[in-house]
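Read the structure below first, then the notes.
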Amino acid sequence: MASGARNGGGGAGPRMSAKLDRQSSNATPKAAAGKQRLSSASAAGAYRRTSPGPLPAAGGGRASSDSAVSGRVRVAVRLRPRNAEELVTDADFGDCVELQPELKRLKLRKNNWESDTYEFDEVLTEFSSQKRVYEVVAKPVVESVLEGYNGTVMAYGQTGTGKTFTLGRLGEEDTAARGIMVRALEDILADITPETDTVSVSYLQLYMEMIQDLLDPVNDNIAIVEDPRTGDVSLPGATVVEVRDQKSFMELLRIGEAHRTAANTKLNTESSRSHAILMVNVRRAVKGRNEMEVSISGENGHSSSMMGSFRPPIVRKSKLVVVDLAGSERIDKSGSEGHTLEEAKSINLSLSALGKCINALAENSPHVPVRDSKLTRLLKDSFGGTARTSLVVTIGPSPRHRGETTSTIMFGQRAMKVENMVKLKEEFDYKSLCRRLDIELDKLIAENERQRKEFDDEVERIRAEAQLRIAEAERECKLALENEKMKYHQEYLDSIRILEEKWKVHQQSPKKQIKKDESTSNDAGDVHNLLQNEKMLRQSAEEEANDLKNQVSHWKKMEATATAEVVKLRKMLDTEASRKDKLEEEIGVLRSQLLQMSLEADETRRSLDRGDGPGKIFPGLDSLVSQTRASQPKEQSNGPKQPIAQLFEQVGLQKILSLLESEEPEVRVHAVKVVANLAAEEANQEKIVEAGGLTSLLMLLRTSEDETIRRVAAGAIANLAMNETNQDLIMAQGGVTLLSMTASDAEDPQTLRMVAGAIANLCGNDKLQTRLRGEGGIKALLGMVRCGHPDVLAQVARGIANFAKCESRAATQGNKVGKSLLIDDGALPWIVKNANNEAAPIRRHIELALCHLAQHEVNAKNIISEGALWELVRIARECSREDIRMLAYRTLTSSPTLEAEMKRLGIKL
């Protein structure tokens, strides 16, 4: 009977049916008509509120104020079945609510005759499955998160009504009982691409107004950081775990649930005593929007095709927040006492603050008290922010808790009136672009080296072949000439020998010659013929010798031709070497521009947030593309180097410093950024100062009106100011005066942070104390606190701590020191005001400064009059750092004046 009454869509038992019949019959026609009109009006209003604006398509543009659309908070109500206790105690009573899920209505009975009707976006009976609850409450939000929007799923209700069952049930024994957390991660991990997308998880609890890490219980007081520009809140101290599969996520949930605080009350045996918050960060790459093909042609006519994008890839960053609120409870019903009572008070206070914010947003109040509780600060984006939010309110059927059920229903009704401006979260991935360009550069350098090696091998082959041919020709020519010479010389010797023999014979027989005149004449004729033959042979030998000489001359010409070809090849080698040097210079320029792109990432994001449009996406992109098309980089022989160091070696420091005086603003901006990066390395600081870099930076700070140049120049001066020698030069060249003027004119927090860092470094020099104060350094530091940015305040606090430490050191060494210059310049009130600052870096420096000021007895009266004594006592008692705590204790116990004042006030350490 009870279960039938609780199921609004099913049949009712006899007793409940009778009650409903009596209620309908006793109502007058006029009252029935009035109720009918009221029901129709409320239905119309609810239907108007139920129509949220459409979400943008997944392929939409970058997130901006123009892309935001209105989306109402969607609210579902879920009824818990009766538990064992209620089945006994409420057996004679009907349920206090009646559900009509087909009409999305809920009736809350005041008594047996009257009831109020409320409409919700979804009405879930006690028979609704966990899968049904997930599909109607959380799945639309999860789909929006996968498309790039922030989303929130939250459960609200009285303790013991099933909030943790709805959201955080693991379902290890029965998979059908899995809650929204487990099912949401299943859908997210199934939709992402592991190669390009990432999912990371943080699991926290808000216990007694302290944010604790459920994955690392030691981290039990996480600070909330709020971006002063956008107002977004974040928890940088929380543990973030990247999730790759469902198994690892389930293990994280088990660890978190084991550390979550719970207690046994009369209303729930395992009552959650903290608000649990699961944060799921999804980072997805947007595909198919910036791919193009670029052809790079070299001077030799060859071309290669390189697929890639010279535009930064677009990524979508979205966040799903699942909030399991602790249940509201009445102390008289829950029976809480002792520490459990304090927990209940804290829970009710935070839920009350959340209710006030919902009321203010529902009524369009100009002031929403989001800072009243850490819970409302964490949910700032979920109600009235940019997230798509779904709320499930859980109620019980017992008439004994009608008041709590009414309060829960009214909370859901007010939440349905809250409008959120849903925005797509897109940004450019500059790091991925830089990695991609580095890979392409390495490929081009490797290809150029391979082609060069092939060319060198071909030149060596041609040279070796030419030398072999020349040597072979010389050898053949020399051998032929020697053979011919030996042949004709032998014939000549043979002819002479024959003539000599005949001449001897003629001399030995003169008488016979006289007697035989005729024979002698014949012999003379023979000799004459022989001589003629000899002449002809000589002429023939000379002609052959001339032919051989012509052949030798021909081979020498061939040798000269080969030599000319070798000279030509050597000239080609020299040309290639010059081209190599030119390519190496262009590679250096290209790598320096890649570094500039990563340095300008933050400025580009700020430009996108201001709505400058896609025309100013990447100032250095055009020059990068043009230089890449005109070059074929080569890998340097000395191995990989850092881009700035490579630029320093190839271009030279003097040329870089000369660019600081360029008439083109962009050139000056890039040059000062390169100098700032070089100044960050201690090895380069002396070279920069010797080359006049410090003077050039101070001149830029004095003359430039460009905020970027002033910011980067101040950062470079801050790097140089870390060296004691450079500190004297900065003071000698009026650097403190220039920094003070920049601090008074600048409004950009980053510029102020750089200026404050430079002055803070100078404050650590004992010799410069009086000059630094005389030139307005302390006044400039205190003037920069007007910005209120945590990073600026941290640098100001560091400078004051350095200055106070130097004064304390001088007093300890026995030097005659008067009252602190910091106190004379009015720094003590600001120190006292920020001694307990939420930001740890600011608080740590200010605590150190206060301890150092109190160590000098002459400052004791000002310490007491300005109220700093109480802060010193707090530091000595509560400071988380033991060294600072002990320093404060020693300071208080060693000062007679401070000891006397503590004794008068009855303060004991």
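From the backbone N, Cα and C atoms, a Cβ is placed for every residue, glycine too.
Annotated compositional bias 'Gly residues' per TrEMBL: 1-13, in sequence order. If you look up TrEMBL, you'll see 1-67, 602-621 marked as region 'Disordered'. Annotation comment: TrEMBL describes 72-418 as domain 'Kinesin motor'. Marked as ATP binding site by TrEMBL: Gly157, Gln158, Thr159, Gly160, Thr161, Gly162, Lys163, Thr164. Taken from TrEMBL, the feature coiled coil applies to 434-483, 531-600. Marked as compositional bias 'Basic and acidic residues' by TrEMBL: 602-613. If you look up TrEMBL, you'll see 651-693, 692-735 marked as repeat 'ARM'.
Each residue of the repeat 'ARM' (651-693) gets a DSSP state, and the totals for helix, strand and coil are 35 helix, 0 strand, 8 coil. A sphere of 10 angstroms centred on the C-beta of Thr159 (ATP binding site) encloses 25 other C-beta atoms.
Using a 10 Å radius centred on the Cβ of Gly160 (ATP binding site) and all shown protein chains, the other Cβ atoms total 25. The average pLDDT computed for the repeat 'ARM' (651-693) is 80. Taking a C-beta cut-off of under 8 angstroms and a sequence separation of 6 or more, Lys163 (ATP binding site) has the following same-chain neighbours: Ala155, Tyr156, Gly157, Ser272, Asp324, Leu325, Gly327, Thr394. The highest number of surrounding Cβ atoms within 10 Å, among the binding-site residues Gly157, Gly162, is found at Gly157. Its Cβ taken as reference, Thr161 (ATP binding site) is surrounded by 27 other Cβ atoms within 10 Å in the chains shown. When each of the binding-site residues Gln158, Thr164 is scored by how many other Cβ atoms sit within 10 Å of its Cβ, Thr164 comes out lowest.
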